[in-house]
Ligand SMILES: Nc1ncnc2c1ncn2[C@@H]1O[C@H](COP(=O)(O)OP(=O)(O)OP(=O)(O)O)[C@@H](O)[C@H]1O
Ligand SMILES: NCC(=O)N[C@@H]1O[C@H](COP(=O)([O-])[O-])[C@@H](O)[C@H]1O
Ligand SMILES: [Mg+2]
C-alpha cells in the first residue's frame, strides 16, 4: 500500500477500543489487520484487512499469525490462546505489551496471584473454586457479601454479588452462564466497600513510565456506565496509586498503555485488576487529553517518544447500551444529543445488539468535571437503541 510505513499491526479483538487503536495507527502510516470472532466487528470496518477466527484456538491463531507475519500483535480482549502467544514471542514475534502480560491477565487467577502473592500489593481477600461445593467453602472463608466472577470474563459478564450463604448457588449459576471460555473456575473476592474507584492509565514507553490523570468511574452489574477525568484525589492517594501502578506494570513489562483499576477506601488503595491495553473507562481521554489512550498505546508500541501527556480539559463519558438481542438496530437521537455543547458521540457499529451490550459512548468536555458529567448525562438521555 502506498504512503505506508513498512510496519504492520494485528489486532486480536476488534471492538470499540481496537477500532480507535486502528485509526491512531493509520494516522502514523501503519498497516492494520483486524481479527475477531465475528464478522464486521468495529475495528474491521476501519482496518486495511480483517480475519474472522476463534482466537482461543491456538493452532488457528498460529496459522494466521504465520501467514500475515505482523510486526506487532496487539491483543485487544482477554480471551485469546495466550499460550500460543508465549510460543510465538519466543520465536521472535512481538506481542504487546508482552506475552506474559496477556497470559497473566487472561484469567483472574494469574494476575491476582502476581499482584498479591508475588508483589505484595493490597487486594481484596480471595479464594478460587472449581465446583459448587468448593464455592460454598470459599464463601464460608471469605464471608458475605462477596463477589463471585468467572476467572475468564470481562465487562462484568457472569459476575454477581453474593449477599448471603443462600445465594451461593445463584452466583455459581450466573458465573457458569457468563464466563467467556469454557472453564468452570471462579474467583470469590471479599466485597470492598470503596469510596470510589479509578482507572490509572499507565504508559510504558521509550520515554519511561508515565501516568494519565486518574479516571473515576461508576459500574453497574460489573460494567462501566460513566467515567470522568480527572478524579479528585489527594496528592498522597495519587502517589500511592502511581506506586501500585508502577509495580504491576514493571512486572508485566513491554511497551504500551495499561489500565490499572484501583479501589479507594478509608484505609488506603486496593489493587483490583489491570488491562495491558486501553481501558473502556479511558474512552473519556478522546475529549480530555492531547493524546487519547489509543494514540498513546500506538506511540508506545512503535517505540516513539511520549515526552508529555496533557490533560486539555476535564471531561466525562456515558455509555449507550442495548437491552435486547437483534441483528437490525439503529442508534437514534444523536442529532439531539449534539445540541448539548462540547459533546461528541462515538457509535461503534457492532453488527448485532445483545442485552447489556455497549453500542456507543457519549463524551463531554467542560471546565469542571461536575459540569461535564451533568452534560454527558443530558446528552446520553437523548440517545436510544431502536430495534428494527
Ligand atoms: N471485590 C470487589 N468489591 C467490590 N466491588 C467489586 C469487587 N470486584 C469487582 N467489583 C466491582 O465490579 C466491577 C467489575 O469488576 P472487575 O473489574 O473485576 O470485572 P471485569 O469483568 O474484569 O470488568 P472489565 O473487564 O470491564 O474491567 C469493578 O469495577 C467494581 O465496581
Ligand atoms: N471491558 C473490556 C471492554 O470494554 N472491551 C471492549 O469491548 C469489546 C467487546 O465488546 P462486545 O462484548 O460487545 O463484543 C472488546 O473488543 C473491547 O473493545
Ligand atoms: Mg475491571
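The backbone N, Cα and C atoms fix where each Cβ goes, glycine too.
TrEMBL: automatically predicted annotations, no manual curation.
Quick look at what TrEMBL annotates:
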BINDING   16, 17, 76, 280, 350, 357, 358  N(1)-(5-phospho-beta-D-ribosyl)glycinamide binding site
BINDING   108, 149, 154, 155, 156, 157, 158, 159, 189, 190, 191, 192, 197  ATP binding site
DOMAIN    113-302  domain 'ATP-grasp'
BINDING   261, 273  Mg(2+) binding site
COILED    359-386  coiled coil
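Distribution of TrEMBL features across the structure.
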residue : record                                                  : DSSP (3 states)
16      : N(1)-(5-phospho-beta-D-ribosyl)glycinamide binding site : helix
108     : ATP binding site                                        : helix
154     : ATP binding site                                        : coil
261     : Mg(2+) binding site                                     : strand
273     : Mg(2+) binding site                                     : strand
280     : N(1)-(5-phospho-beta-D-ribosyl)glycinamide binding site : helix
350     : N(1)-(5-phospho-beta-D-ribosyl)glycinamide binding site : coil
358     : N(1)-(5-phospho-beta-D-ribosyl)glycinamide binding site : strand
Inter-residue C-alpha distance, residue 189 (ATP binding site) and residue 273 (Mg(2+) binding site) (nearest angstrom): 12
16, 261, 273, 357 filtered to the binding-site residues whose C-alpha is within 10 Å of residue 197 (ATP binding site): 261
For the binding-site residues 16, 76, 189, the one whose C-beta sees the most other C-beta atoms within 10 angstroms: 76
Separation of alpha carbons, residue 261 (Mg(2+) binding site) and residue 191 (ATP binding site) (Å): 15
Residue 156 (ATP binding site) CB neighbourhood, other CB atoms within 10 A: 16
Pairwise Cα distance maximum in Å, ATP-binding residues per record: 108, 149, 154, 155, 156, 157, 158, 159, 189, 190, 191, 192, 197: 20
Inter-residue C-alpha distance, residue 158 (ATP binding site) and residue 17 (N(1)-(5-phospho-beta-D-ribosyl)glycinamide binding site) (nearest angstrom): 21
Neighbouring binding-site residues, C-alpha within 10 angstroms of residue 273 (Mg(2+) binding site) - of 16, 108, 358: 108
Residue 261 (Mg(2+) binding site) CB neighbourhood, other CB atoms within 10 A: 21
Alpha-carbon spacing, residue 17 (N(1)-(5-phospho-beta-D-ribosyl)glycinamide binding site) to residue 108 (ATP binding site), which is rounded to whole Å: 21
Filtered binding-site residues, from 16, 76, 158, 189, whose Cβ is under 6 Å from an atom of ligand 1: 189
